[in-house]
Amino acid sequence: MNLSSLRLESNPRWSYHAAHFPAHHGLNPSFRRNFVSCSSIKPSASSSLSVAESFTRDSASRIESLSQVSGVLGSQWGDEGKGKLVDILAEHFDIVARCQGGANAGHTIYNSEGKKFALHLVPSGILNEDTLCVIGNGVVVHLPGLFKEIDGLEANGVSCTGRILVSDRAHLLFDFHQEVDGLREAELAKSFIGTTRRGIGPCYSSKVIRNGIRVCDLRHMDTFPQKLDALLSDVASRFESFKYGPEMLKEEVERYKRFAERLEPFITDTVHFMNESIAKKKKILVEGGQATMLDIDFGTYPFVTSSSPSAGGICTGLGIAPRVVGDLIGVVKAYTSRVGSGPFPTEILGQGGDLLRFAGQEFGTTTGRPRRCGWLDVVALKYVCQINGFSSLNLTKLDVLSEFSEIQIGVSYKQIDGTPVESFPGDLCLLEQLKVDYEVLPGWKSDISSIRKYADLPKAAQQYVERIEELVGVPIHYIGIGPGRDALIYK
């Protein structure tokens, strides 16, 4: 079936219809008529706001104007394309740092020759040979996975020697944490969270109940066996199917003796290093993993990750002061996707969702699982912008929408009885029963992947970008129009 001939219908639990929209959305009169129920009414090109003129600078000045400590954070449920922007920005920064999460954060980047790299722990700045990469204290580190990434990079000509620093305060994620992840999911049965089963939650659980093992513990092999024994014994007492005995402990200790020797050149007091670097005026770029809608506090709990992938996680995950953090860039897809379970108000079910999924190649970097897909949710995006205080946005995968004759944006929520919902709710019962009001915009039905100037985009594509800016109140400075490293428009 041709994409252009199909009108994608969102989840039937949420309705499209003309309705009163609360004033807090800041909609001007020329757009109110476009909140429709399965309608083909389209706004005229003349109603598009000319936001572009306010943000037209060349790419170099745009990047160089970023603050000394800047960050790139996910603005949806992950998989927005953060790694590509970090890779591009890294050329202008001395240090790229990860502050939270673990190998559940899959970032796909491409080098100048178009070779693909899928990274999970190593910061995306590694492809820039002049950049130092820091894995901060807030990250949980699976050493076999880290070494595998390093070996893969080295095998492809990317030098890692002296370029990766691992915090001595970071917690170690063991293979048995991954096993526990699967056991917990099996226990939860139908109410499972949809974890990547990379052991992230169990490792953070060990950290919080204070029986976790940190990188610095590898320097003390006289006490390491006792700490590991206590941790394994705790797991065995919790799960009957987890088999643990002296032989397993002996094997793990010997294994980690080898790991400790290999990791030693990378181990650093990164809190001291980061603050010294700030004092020396080094430029630092923080690479967030996952996204704010998966934040342990602000996401759709309990369908969230176990760390803080929002602005606050930068300070706690690196040990730097809030006052030194400057520009934060939110990365958001031109539509929305989500892996695993949890509420998804603008989800498109059935064949329509499949078409968007295959057009955008929406399959998880870490798990390979197909992602759920839907229209852009402006209510959720505004919520995320408020929490993080973004100075700008990077709109990615705009090219994926090129085949659609019309594009929808979820602009407000209401309860079943029509009562407006003024903000993104924390109550999942309410969130799962919401109706979404959509605004319909015209598609551009042309290939935009080779365009490099904003002014050269089709008017309908510009209108879509500018409408998002108007709705969320944050400028879009970067627009992704393909997976390649150069497929980026600076606005």
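Quick reminder: no glycine exception, Cβ is built from N, Cα and C everywhere.
Small disclaimer: the values here were computed from a predicted structure and weren't measured.
The GTP binding site annotation in Swiss-Prot covers 78-84, 106-108, ARG371, 397-399, 480-482. For ASP79, GLY106, the entry in Swiss-Prot reads Mg(2+) binding site. Among the features that Swiss-Prot reports, IMP binding site is placed at ASP79, GLU80, GLY81, LYS82, ASN104, ALA105, GLY106, HIS107, THR196, ARG210, GLN290, THR305, ARG369, with the record citing sequence analysis. Residues or ranges marked as active site, proton acceptor in Swiss-Prot (evidence: sequence analysis): ASP79. The active site, proton donor feature in Swiss-Prot is assigned to HIS107. Residues or ranges marked as substrate binding site in Swiss-Prot (evidence: sequence analysis): THR365, THR366, THR367, GLY368, ARG369, PRO370, ARG371.
With the fewest other C-beta atoms within 10 Å around its C-beta, THR108 stands out among the binding-site residues ASN104, THR108, GLN290. For ASP79 (Mg(2+) binding site), the nearest of the binding-site residues by C-alpha distance turns out to be GLN290; the candidates were THR108, GLN290, GLY368, LEU398, ILE481. Checking each of the binding-site residues ASN104, GLY106, GLN290, PRO370 against LYS84 (GTP binding site) by C-alpha distance, the shortest gap belongs to GLY106. Rounded to the nearest whole angstrom, the C-alpha distance between PRO370 (substrate binding site) and GLY78 (GTP binding site) is 13.
LEU398 (GTP binding site) carries a helical DSSP state (H, G or I). The binding-site residues near GLY106 (Mg(2+) binding site), taking a 10 angstroms Cα-Cα threshold over the set GLY78, ARG369, ARG371, LEU398, ILE481, are GLY78. Separating the Cα atoms of ARG371 (substrate binding site) and GLN290 (IMP binding site) is a whole-number distance of 14 Å.
Taking CA atoms as the reference points, HIS107 (active site, proton donor) and GLY81 (GTP binding site) are 7 Å apart. ASN104 (IMP binding site) and GLY368 (substrate binding site) are 12 Å apart (CA-CA, integer value). When the Cα atoms are compared, GLN290 (IMP binding site) and GLY78 (GTP binding site) turn out to be 5 Å apart. Same-chain residues at least 6 positions away in sequence with a Cβ under 8 Å from that of ARG369 (IMP binding site) are, in sequence order, VAL339, GLY340, PHE363. Counting only the Cα atoms, the space from LEU398 (GTP binding site) to ASN104 (IMP binding site) is about 25 angstrom.
The number of other CB atoms found within 10 A of the CB of ILE481 (GTP binding site), across every protein chain shown, is 24.
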